[in-house]
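Colleague: I'd like to ask you about the structure that follows.
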Ligand SMILES: [Zn+2]
Ligand SMILES: [Zn+2]
């Protein structure tokens, strides 16, 4: 899993491909039910084509790994995934790298940290991304060594949290040790409102749980510190020595984005060599999928009327120089390799360097020039959220489904209700009649043997189409791969 | 509300201790993310000698998300609409978390100095501007006298 980001970068999960629809328009056209519905359904079917081609492009690891990422997950599965993600954002005091941690302090809140926690943890352990250090609000050069150590000693693992959030004030959270929350939902509400209530209860519970998990970890941290103080011989090897605390914080730097003070070395932008802390870096991500030039022209047509294939999301830009495809490099401190895959943090001894020339520890030369986003040393924004392509396709599907819905309503008005059908032929708004090639007529011919049950909703039909497309593509994928594998 | 991030505190301090010429920004007592802003119209622009009131709000996601800025004073400008909304790239797609309140307000001031009718937000104003620039400038000057005193 460790080199997944690099792999994704190199093999390219592909940039948003604006010409997708061109290759995708070749869906089976014999299906009268869908061809007649006009431009909208063409978009829908071309979207299926998009999915087919994107499935073909995606790497086999994705297919074998978590199964089909396009498959709809149940609410419970989604909740489980979210809870697992939040758990991974809890700082563990005994999982350290070079004096920092694998999870963020949470200066800007943690509910928006939606990066892939597994990927980030691995990058930190590989020393390709700076660990999440505990920041200082300020640093004063006049502080003595003892003062610095004292201040670092008192730092908590997590940023303080608001215990009682207003938004969750009246939400029943029940017994947090029980996983089932069905009984908390007011069954007299409509289905949609029940769903909304469930999501609110889930969020409120997760918020509380997060605070509990953080406090538990904080307590462990402080307890082990106290134990270490009481019996000097048996101090916890995961806790930093005083030398380490001082070495880290006495020569730190301010991150130009959050203005917080962090130990050095810090991540450097690949393009213009500007510093950025890890907590800021993981927050920089692609904008939500949008249509090109949405911003410039507020008098745009409705989303439903646009081609879902046009939906794009551009790679992030460097915040400092606007170079596209933002990425960073990190050069771990060679003389401070402690924690995971290093020495015990408690055993670290500070070697004072009198001058750079006398530096006994050979250090890799610092980078001077800029690097390409494909360089092996570079960690890009995209690599922290390897599912961005899936997200984009899902959003395209959602839009397509919406326009398919509109199409279905249109079609069913003409087709399903016989009375309506008859009158539709008479009113001037309907298509010209009496031509045997006319779409409406063709549609009527096919209606006695519909491909779907008459009461199927457009969403169901669309889902079915997409399922079929994915099945086809998976089968194709297996056919393509099996001879190579053996 | 959660405690104010260090960045917002420091930016506010610097805005007060080292103000930008022609620009003031004062945080609201009750909400330190909400600023009352004034911008002086740049010299040799139709907005010269006017003082424009704006509001600036730092959303929860700031600085990952751009500040929200709006003119409160009525202004005749092709890139500012009737509701005071501003069409400025750094407030939208070209926002970067390395930019600050200070840089944003300087950009707004620069927009007053050089209106861009080819990328309009207020279409009617932009049309006037392209059709008859002198008349449009005269009207902008008139509105400055009327509303931005
Ligand atoms: Zn930062
Ligand atoms: Zn750069």
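Keep in mind that glycine also has a Cβ here, set from the backbone N, Cα and C atoms.
Unlike curated entries, TrEMBL annotations are predicted automatically.
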Colleague: If you look at how TrEMBL annotates this chain, which of A:418-449, A:450-481 comes out as region 'Disordered'?
Modeller: A:418-449
Colleague: If you check TrEMBL, which stretch out of A:291-316, A:317-342 is marked region 'Disordered'?
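Modeller: That would be A:291-316, per the region 'Disordered' entry in TrEMBL.
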Colleague: Can you say which of A:349-382, A:383-416 is given as region 'Disordered' in TrEMBL?
Modeller: A:349-382
